Structure formats: C-alpha cells, structure tokens
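Enquirer: Annotation source TrEMBL lists domain 'FAD-binding PCMH-type' at 123-301. Summarising the annotation, TrEMBL assigns FAD binding site to 149-157, 233-236, 285-291. Among the features that TrEMBL reports, site 'Important for enzyme activity' is placed at R336. Taken from TrEMBL, the feature substrate binding site applies to R432. Taken from TrEMBL, the feature active site, proton donor/acceptor applies to Y495.
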Amino acid sequence: RRTCAFVWQELLKWNGWGYNDSKFIFNKKGQAEFTGKRYRLGGMVLPTFKEWIEKTFGASLEHKTTSRASLNVNDVPPSIVNEEFLQDLRATNISYSQDAEDRVFRAHGHCLHEIFVLREGMFKRIPDIVVWPETARKVTCEFFNCNIPCIFSGGTSVSSALECPEEEKRTIISLDTSQMNRILWIDEKNLTACVEAGIVGQDLEKQLGESGFCTGHEPDSMEFSSLGGWVATRASGMKKNIYGNIEDLVIHIKMVTPRGIVEKNCQVPRMSTGPDIHHFIMGSEGTLGVVTEVTIKIRPLPEYQKYGSVVFPNFERGVACLREVAKQRCAPASIRLVDNAQFQFGHALKPQVASIFTSFLDGLKKFYITKFKGFDPNILCVATLLFEGDREKVLQHEKQVYDIATKFGGLAAGEDNGQRGYMLTFVIAYIRDLGLDYYVIGESFETSVPWDRVLDLCRNVKERIVRECKEKGVQFAPFSTCRVTQTYDAGACVYFYFAFNYRGISDPIHVYEEIERAAREEILANGGSLSHHHGVGKLRKRWMKESISDVGLGMLRSVKEYVDPNNIFGNKNLL
C-alpha cells in the first residue's frame, strides 16, 4: 500500500497543479494546447488563447522564465528525527519515509507563494518524516503522546495551512492518510456510508457509484482533495444546492486527539445535546486532531443529468436572476454566473472547431445575441447550469429556471456552453503554471456576502485590485474578475481571479501579497466573510478576531488548550 502512495505521487507534479501529463503549453506553431487525455480539453488546440494572453497581460512568448526541472535534494533541509521515536514507529509497523522528495511533496499546498518557492527556491522548514498509517485503527491517541508535532498532507490547501512553522525545533511528522481510503460499509436503508477519511473525492464517488450511489459533493479540487480535508476545512461543492455543503452531509465523525477519541455515541440525523461537537471539528484545520472516519449521507445516482447556460445583457441582470432563483428555492444542482472578463477568458479557452458547419453555427449564435438581440459582447455575462435527478422533474425544473431568466433578459445559450463551463472548472487551475512561465502570477480567493451587497462587493474589490496594482508599480493592467458560484437564501459565494504580468518587479510575491491583503480588507469592508470554503490557515488568520470576535477567538483557544495541551497539532492555523 506504501507503493500505491508512491505511484500517486509520481503521477502528480512536484512543483505545480495536478497530473504530470496534463498542462497548458504553446506548441511549435505558437498555438496553445492542453496535453494529456484525462480531460475533454486534452489534445485540443486553443486558437485564440495566445492572443488573449498577449492582449490581457502584455505577455509575450519571447519573455519566458523557467522553473527548475527537478528537485535538488541538496537544497532540502535535513531530516531531524529522534532515534527513540523511530524505534517506536518501527514497532507499530507503520510505513514511513525520510526521503527528501517525499518530505517536500507534503510540505506545501497550492498558494501562489508556495509554488513560487518550489520553482525558484526551497522552504526553510519541511516535515522531517512522512508516515502512512494503513487503517484508521493504526491512528491512536498514544501515537500523539511523544511530543512530536503532526501536520497533515492533503496537498490542495490554498491557505498556507500545510506550511511548517519555521521556528518549530521538534521533529515534525507529516501524517499522510492516503492509505486510509476504504469505504467501511454502506447502509442502503438509511442512505449513509462510513468511510475512512483519507479517501480522495474522485475515488469516493467512483467506489460509491459502483454500488449505485454518490455523495454529490464536488469541490473544484475533488480529484485530489480528501474526505478528511473537506471536514477539516468546512468544504463546499459545486452541486451543494441539491446535496448540501460538507456540514449538511456529515452524520458522524471520529477524530483522534492527544486527549483521546472524540465521537458521538449514535449515528442520527440530529441531536439536541448542547453545542454540536462536529462543529468544533469541522473547520478546525488540523489544529485539534486527525479525522479518521466519517459517516456521510449518500444518494442514489441521479437518473438524468442536463447542462444548460443563459446569457444576460449585463452582470447586474444576471445577479438579479440568481437572487430570484434562490428566493423561489428552485436552484439547479449548480448555477454559476461569470462576469464579462471571465466570459472572455472562457471564450479564449474554446478549442478549435472540427467543421465549417460548427463554425458557421457558432457565428450564427454570436450574430443573434450581439446584433439581433443587441447584447454588447464587452458587457454581457453568462450563467452555467447543471440539473440532476428524475428526468421528468429535471425538465420541469429546467423550464422554471429558464422562465425566471427570461424575466431578467436572459437568453438560453445551449447545453454545450454549460457543459464546457463545468468542465473548465477542473482544468482552469492548470493555467497558473503556464502563466508563471511567462511572468504572469495569479491566484483565486473567495467570500460569501448578503444578496444586497453582492454587486457593490464585486465592483469595489475589482476596482481596489486595479488601484493597488497601479500604486504598487505593476506596469501592466491586471486581470481582475469574479463569478457567483453558490447561492443561498440570504446571500451568495463570490469567487475572484486576480493575475498580473510582473516583469519589472523585483519581488513579485511580496507585491502580490500586499495587493491580495488589500483585496481581503475591501471584502470585509463591504460586508463579506473571511472565507466561504477555502478556510483560514495561516494566510488569513490575522483577521480571525475581527471575523468571530475576541471572545469567540478565546473560545477556540480554550478548546485547543484542553484537547491538545502540548501543541502536537502545532501547524499554527486559525489561532
């Protein structure tokens, strides 16, 4: 099973996002294309993407920076491990490694500064040893009574949650739960499943699917993120309108702490027994213990699935439509609205058409929307839709949503656009690696906000980014864009992309972090939350007191001090 972990590691990039065989490149003709066969976009040429990059960022194929091709083990900090601990570890029969490659691979998440360090330098502190418990039973509280700090190694964090504190002098363990990946049981009567917490999202859905079930939880990172990670960060999925966020899906959690095991005595849909201990665990970001097992709701696989899309004359109309859909509580599994800049971005990622007829139809649709209907291509925006469930109900649901969209000036834009938009969610993270090759740095961040502040927040944050870039000496206009990704009765999640050409800047990461900090301040000033689903980690914890109050922060500290008095789970997240 240790070999399985090594194979998985070999499939993934050591200094970028995703699979080794999947990436955006410029071919010998100077055309952009996406490699590999894992995604629908694989092997396709993107004829307008190069022009879009040049126009948007002032980037050029002539100005290229190169990443290190491989890890230099001589740059890696040495492993500091207590020999007595190693002897105890061998006695447990748990696989472990002190190899430099294994340690570096688990020393980081996917924040911009972490990837930049991997491309051009090395972390000052990384885990000293990686351990792979094969079952939840191997993770006991005695394991954590040796005063050795423990950090988890999921790998998709975008909050600096996995970075080791530089000042930590004790041996640091990276606890890799990837071998704890079994579905222990499926209860078809109660529609629940008990699952080991190390299972990766795509494997969970695949294995459940073989029995005719699914969780429906699909975060953007589901190919690589784990069930335990979803619990630890209070994750949200693209189809939460039907299936719920992780807090809606969880029935039972088992967490091992230095004090002992935390779990409820029964697996019931709801309890009134004081504050819910699950809500101490969910969002704890590895500061209290390790989640080993989760009982989660499951649903029969949907009988029917249908994509769709709607084009609106402007972002304001689109937001108003989403608000009405939420008010009538008829949101499809997924409904996401992109602003015009992100629409242009998605259009630039459109692959080369296979036939003259298809090209003619695309041109006809564009003519109808822009000329006949009078939509301005530089202002319009698009919502992508995904409906799931019983076929007859899906078709009724679809009609209801499109009828609402029509009242706000929306035009149906076809299934293909909806499906392509959903697919792009899984490949868009690969673009940052291409950008870094051409002096373009970028990142995403998110928030949740009441409905009456969505438009102001979107506008003000994007304007603040542009203003900060100018003041910080960024020589090229930044790319600043947003989309509304999840909707609720009382508000929505807004997701921002931000990138700029850093040529001429001596310390681009410092400049980027200052601008992102200003953007976060703007979000909070406009009534937005510190995070909707990315979590806090170390990146955003400076705002925790402001977000949950001084007393609230004190409550979290009290729990931490009781559950983990020796700071074994000492990643310094949240607090």
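FYI, residue positions are counted from 1 along the chain as it appears here.
Every residue, even glycine, has its Cβ placed from backbone N, Cα and C.
Just so you know, TrEMBL annotations never went through curation; they're auto-generated.
Quick one: how deep are these features, and who are their neighbours?
Expert: A simple way to gauge crowding: the CB of V290 (FAD binding site) has 24 other CB atoms within 10 angstroms, across all the protein chains here.
Spatially close to R336 (site 'Important for enzyme activity') yet at least six residues away along the chain are M238, A383, T384, G421, R483, V484, T485, judged by Cβ distances under 8 angstroms.
The Cβ of R432 (substrate binding site) has 21 other Cβ atoms within 10 Å, all protein chains considered.
For Y495 (active site, proton donor/acceptor), the same-chain residues lying six or more positions away in sequence with a CB closer than 8 A to its CB are S444, F445, E446, C482, R483, V484, T485.
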Enquirer: For the domain 'FAD-binding PCMH-type' (123-301), what's the model's average pLDDT?
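Expert: Mean pLDDT for the domain 'FAD-binding PCMH-type' (123-301): 94.
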Enquirer: Could you tally the C-beta atoms, other than its own, that fall within 10 angstroms of the C-beta of F152 (FAD binding site)?
Expert: 26
Enquirer: Cα distance, R432 (substrate binding site) to T233 (FAD binding site), nearest Å?
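Expert: For T233 (FAD binding site) versus R432 (substrate binding site), the Cα atoms are 23 Å apart.
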Enquirer: Quiz question: given the binding-site residues T233, S236, T287, which has the greatest number of C-beta atoms lying within 10 angstroms of its own C-beta?
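Expert: Per the Cβ count within 10 Å, the most buried is T233.
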Enquirer: Specify the count of other C-beta atoms within 10 Å of the C-beta of G155 (FAD binding site).
Expert: 21
Enquirer: Please list, in sequence order, the residues in the chain of P149 (FAD binding site) that are at least six apart in sequence and whose C-beta is under 8 Å away from its C-beta.
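Expert: Listed in sequence order, they are E168, R170, T171, I172, I173, N567, I568, F569, G570, N571.
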